[in-house]
Every structure is written in structure tokens, then in C-alpha cells.
Amino acid sequence: MIYEIAISKIPLRKSFLYQYSGELESGERVLVSFNSRDCVGYVLCQSELSDNIDLREIKEIKERIDGLSFVNPRDVELIKWVARRFYSPIGQLFDMMIPAFVDDYAKTMVESTSELIPLESMSLSEFISKYGEKTLKMYLKKGYIKLRRIFAAKQPRPRVGNLYLFLNKNLEEAILTAKNPDEYDVLNYLFANEGATVNQVVESTGVTVKKIRKMMDKGLLRASDMPSIQSALIEKNRENQLIIDDNEPEKKVISGGTVEERFNLILPLIKNAIESGCSVLYLVPLSSQIPYIAGMVQKSLDVRTYVYHGNLSKSQKALVWISAYKGETGVYIGTRNTVFLPIKKLGAIVVENDEDESYYQFEEPVFDCVEVAQKRAFLYDVPLILSSASGRLDDFSDLENSCILKLQTSSRNVILVDMKKQNSFLSDQLVENMRKVLNDGKNILLLTRRKGYSPFVRCLVCGYTVLCPNCDVAMSFHKSENLYKCHQCGYVEQVSDICPKCGAHALYPKGFGTERIERLIKYNFPSARVARIDRDTTNFRELLNRLFEFQKGELDILVGTRIILHGFTYPKLGLLGFVDIDSLLFQPDYNSKIRVYQQLRQGLQMAPNALMVIQTAEPDSDLIKYLFSSEYCFYQEELERRKSGNYPPYSFLVQVVLESDNPSIGWDLISSCVDSLRDEEVLGPVEHAVFKLKGKYRFHFLIKTRELDDTLSKLDGKLNEIGWKGWRVFINPPHLW
Ligand SMILES: [Zn+2]
Ligand SMILES: [Zn+2]
């Protein structure tokens, strides 16, 4: 029989034909020879024999790896769809579903298939040591035995030292279950210090890690990679009495309100799913949001939560993957890769902040997690809930097939500061209001887009701007490290004040980033407790700790990039300041207006009682006006514009990027590619806004099409002809890469 096979790890956008004498399951892994190497392949489907297939040229599948498929047939459909829709390498998409690390916990078993061989099922290594490899091969050939792989044969044991410990039962019950003085010690310690790390417990009680593990296995303790979530506020909806109706369409959009208000709406749905023995997939854009969501779930429902994101160790990830695969019921919360977890009984999918760009994966395999989630919900016939402060533009384009629940936006106290009349990047109004808020004992969030001290360094004499030698990007100045850094490629340079162009000692930092704002604030408010969050300086654990400190009121002022807007409610928040919203607005991008609108809207919803200060040079712009009207108006008008301009969601926007070592060769290549697409609606080619990046010269063009498959097959033909090196393709990217 002939099978279509997708090859693992290979960046190719097609499948290959192989033959095998027996029946194979769709999605199962096989060993094949590809480019004279042994590779893992995934079975897509059986292929029909046709006249133009010469059987002699089709290679044999070497062997079955698992003996069965670990991928649900609906997920095989999903992967095929994602590969087509995002023009992504199909083998790499399968790799997302069965990550290599799960093999570390798998075992191959030998099972008898014939009454002639009355064999107990045993592991492969056991069989070989008992009967030898010769017998194995002979039995396999005769069909007496078969090999079957089981995942989760070994339980992953993640390192526990840094995990946080919690009591799993109330103290009384736990003490009754405890067996010896060591266990009493640990329980007593945790009663007073819930959320201490394993290392802290070991240090303070002298009880060994092994014994603590034992207590976890007995169910006395629960370990988590997230610190304690004491202050998740779950208040009942004030005026909003929206109820999710099961008769409504399966796609439900919840827009407006705070995270908690939206969560309260979703809760009955999660409860339903769990009570009928199903699991819930809960997606968030940033891992920093996970503990908060997990905390709300744990406080509201008696259900296990599983957490999955890039900061976990391999064995931690494997543990969650295996739980999902084995069908353990729970709420699986995680960032975009979680959408590929092989959850056995899926009951509902929730996407929080679906408008966030982090859901789009720009690296191979490219995909938009929100669209994958929608498709998966459709294939599994389960409800999909898109929940956010403002929603995606697309959410409002298909009103017939979705049910929209809008939470009221309470009127807010907002000050618009006209920055044309200001000398400092912290306006007088902002500083004045900050002072008032601090005097009232409340705390302050300041949001800025840029990291570091200042985003560029300029010569005061000749106007020269220090650029990265690899990129067309200004080097930013990091004062605390005394370095110039390129945020695109990571290139660093020692600080100097000598202008390389005119030789004057006149290089001077211009503009401001998080670090400079933090310094200025410390100067203005010397007694305030100030901290800064950006991805440069903060690792995941520190980041969470900062956010929790701020939430508890242990910090007065927090300066950060947009990460601070996500997923938290701050009860003591008195002022939310947008320092440089304009820099976001003037990005050369078809989505920049929407992005600003969504960010402001998110701020507006986040803390209903806080004052919001927006610094802008355009206080009269439409955007600001729309902020306070209903979001329908803004989105409806934007949708009209896109309809007449033939932009998504009314067409597909395909961005084709070429990176080349040589600018003139690159230009010739991309021009010839555009020439071959004559009957398509093409914009470009042009040099990319950041022409030189990481030492490569970049060109791109855009195609607007309503027939995506046709367009991609033309493009595919051309790229196969000229070679794939340096080309990247993005379908409906949230920003032009
Ligand atoms: Zn100069
Ligand atoms: Zn660079």
C-alpha cells in the first residue's frame, strides 16, 4: 500500500510517498529513508495508486516506530489544515504535537499476536536479553509478535528544589494522615509558610527532598512552579447579568470588563465540561498570566490545573503532556504551543486576550494560535470562547456565526496630556497626579514601549545616529550596564562619546526607555518603592514576583513594557500612565491603529477605579475619541475600510520576505518572483522598513487574495524553482515582520 508521509524536522511544505505491506494508522510514526538518512515520518493517509506512479521508484517504509498512532484522527485533520492555511512545514507541525522529549518516557513492548507463541507482554530490552535479536527479527517477520510503544511508561521526575509547596488538605486532616515526625515538621512549617520552596523547607526542617517527594506522592503536599496566588479577586459581576446560552452559536466572544468579570462568565462552561468528564484548554498569550488564571480556576472549582509554557523544564512539560495524553481531567492552561497538547477528552477551548500578537508564531512552523484553536474547537465540536477587553477585529466581522457578550465599560477618569507643549517626557500633569495618588496610599503603573535607558544615541554636532553594524537599527543605550545594544540582533558595543563620523565628543542619549523613566522617577519620588519590568532585565520568576509584590501593594511605582497590562488586577492601583503611546501609533503597519486602540482599551478595563493618563502629541485623534464610545464603532469603521481596501478579514494578506546576503541579487530574485505572479494583486516588492537586519538585506511584497490555495500553489511553484533559501512566508501576520 502507498502512504503519504510527512517528514519530521524538515522545513518542507509537502509530503512524500512511501510503501508498506501492512495497514498503518493515520498519524502514527514510521522510520523512513529520506535524503539517504533515517528520518521519522508521520502517516498522513493512504494514497491511491495511479498510472503515473511507478511502484519501483517508491521507497519502502523501514519500520513502524510506535505500532499505533498517538495522534487523534481529528488532530491529523487539524495539522493538515494548519499546514495549508499557514503554508507551514507539515512535519514540523506534527513535531509540535509529539515533542521529542516525550520519547524519554516511553518504552517499547513486545506482544504476542499468535497462539503459537504464548508470550507474556514484555519490554523490548527484556525480550532481546531473553531470546536474542535473531529471534526477534524472525518472529517479527513471521508476524508472531508485534512491537507497541507506550508513552508514560516512566513517570517524569522534574527537579523539585525551586518548586513552591502547598498543603493539599487542611492541616487537621493532613496531620491525621501524616506518619512520622519528619512529616509533622514539614506540615507545621508549611502551615505558617505556605508557598515556601522545596529548598526552603529542606533548609528549615532538615527533612530530605526524597521524603518531601514521598509526601507529594501521598497527596499531602502539592508542588507548583507558580508562587502563591493569595489575592486573586473573584467578585461577582456588578451590573452585568450576561449568561452564556447553550443554544447560541458555538463561537462565543466575550468583550469588555476585567479578567475576573469575564472569568465569572466562562466559569459555568468550564464547570459543565469538567462535570461531564472532559478537560478544558485555556490559552493565554503570555506565561506571566498563567498563575493568575490558574489561581482563579483553583479557587472556584475542585479541579486539577495543568500549566504548560516555554519556561518549564523538559520533564515538567513531559509530565503535563503525558497527563493530557492519558486523559486526566483538568484545566490545561498555557501559551500558544499548548493548543497542540493531545488532550484526550476535550470539552471546551478558552482563549484569553485573543487580540494579542503573541499568539502568532513567526518562527517555523508559522501559525496563528487563535485560528488553530478555532479550527480545533470546530473539529471536536466543542464551544470556543474568545475573551478579551477589546477583542480581535475579526471577532466582529462574522456576527452571524458568533455570539457576542459585551460587558459594560464603566466610565473612567482619563486625562489626555498634549505632549506638544511639554519639555520632559514625564509631563507636569503626570508627575502632579502621581504625587496625589501616592499620597492617597495607592500605587502606579507606567507603561512604555521601549526597553533600556534611551532608544538611540545621537551626535549633537553633526546629527549622526549610532547604528548597529548588522542592522538598520539605532543602538539603544543601557546605562546600568554602560553598553550600546541592538534590540534586533543582540549586538553590544562599549559606550563612547566620540562621534565616529565627525570625531566630536558629542554623542548623547536621546529619547527614553524603561530604565531612564525609572531613574527619573526615583529622582522625583525619592521615598517611593520603584521597580522596573522588561524582558531584558527580568527572568520569569522575578517577573512574577514583581507583579505579585505590586499587587500586594509592596511596590509604589512599577515601570514596564506592555507585559504589565496582562492578566492581573491590581486592587491598589491609583494611576495608569501611558508614557509614549505615539511611538506605537506611527509604526509603518496596517495594524498599528488597532494595536494602540486595543492597548488603551485594555488599560481602560483593567482597573475601573484608577485614573488613566495618556501622553500624546495627537490628543484630537479619532482613536482617542473612539476609546470612550462603544468598540463596535471603531471596529465597524475599520472593517468598512478594510472591505473597500480588500484587506483581511475580507481577503488573505500574504507577506513574502526575502533575506539576502547581497542587496542586488536579492532585488533581482524578488523581482522575478513578483513577475511570475502577474495575475495576483501584488504590492511591492520594496525594501523592508528595517532593510538590513542581522547582516542580511531584506525585501518583501504583499499579495491580497481571496483564493489562498491558488495563490500559494503559484508561489510554491516559483519558490521550488528558484530555491527556498532566505524566503519566509506569513499569512495574515499581525504586523509586517
Ligand atoms: Zn558627529
Ligand atoms: Zn543589530
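The backbone N, Cα and C atoms fix where each Cβ goes, and this holds for glycine too.
TrEMBL annotations:
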- CYS459, CYS462, CYS499, CYS502: Zn(2+) 1 binding site (BINDING)
- CYS468, CYS471, CYS486, CYS489: Zn(2+) 2 binding site (BINDING)
- 9-99: domain 'Primosomal protein N' 3' DNA-binding' (DOMAIN)
- 468-492: domain 'PriA DNA helicase Cys-rich region (CRR)' (DOMAIN)
- 649-729: domain 'Primosomal protein N C-terminal' (DOMAIN)
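Sequence features, as recorded in TrEMBL, placed on the structure.
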residue: CYS459; record: Zn(2+) 1 binding site; contacts (Cβ under 8 Å, 6+ apart): THR465, CYS499, LYS501, CYS502, ALA504, ALA506, LEU507, TYR508
residue: CYS462; record: Zn(2+) 1 binding site; contacts (Cβ under 8 Å, 6+ apart): CYS499, LYS501, CYS502, ALA504, ALA506
residue: CYS468; record: Zn(2+) 2 binding site; contacts (Cβ under 8 Å, 6+ apart): ALA474, MET475, CYS486, GLN488, CYS489, TYR491
residue: CYS471; record: Zn(2+) 2 binding site; contacts (Cβ under 8 Å, 6+ apart): CYS486, GLN488, CYS489, TYR491, VAL690, LYS692, LEU693, LYS694, GLY695
* Structure fact -> One finds that other Cβ atoms within 10 Å of the Cβ of CYS502 (Zn(2+) 1 binding site) number exactly 12
* Chain-mates of CYS459, CYS462, CYS499, CYS502 with C-beta within 8 Å of site centroid, Zn(2+) 1 -> LEU460, VAL461, GLY463, TYR464, PRO500, LYS501, GLY503, ALA504, ALA506, LEU507
* From the binding-site residues listed here (CYS468, CYS471, CYS486, CYS489), select those whose CB sits under 6 A from an atom of ligand 1. => none
* Structure fact -> What remains of the binding-site residues CYS459, CYS462, CYS468, CYS471, CYS486, CYS499 after requiring a CB under 6 angstroms from ligand 2 is CYS468, CYS471, CYS486
* To do: Within the same chain, and leaving aside CYS468, CYS471, CYS486, CYS489, name every residue whose CB is within 8 angstroms of the centroid of the CB atoms belonging to the recorded Zn(2+) 2 site, in sequence order.
  => PRO469, ASN470, VAL473, MET475, HIS487, GLN488, GLY490, TYR491, LEU693, LYS694
* Structure fact -> Checking the binding-site residues CYS486, CYS489, CYS499 for other Cβ atoms within 10 Å of each Cβ, the smallest tally belongs to CYS489
* Three-class DSSP secondary structure - CYS462 (Zn(2+) 1 binding site) -> coil
* Looking only at the domain 'Primosomal protein N C-terminal' (649-729), what is the mean pLDDT? -> 92
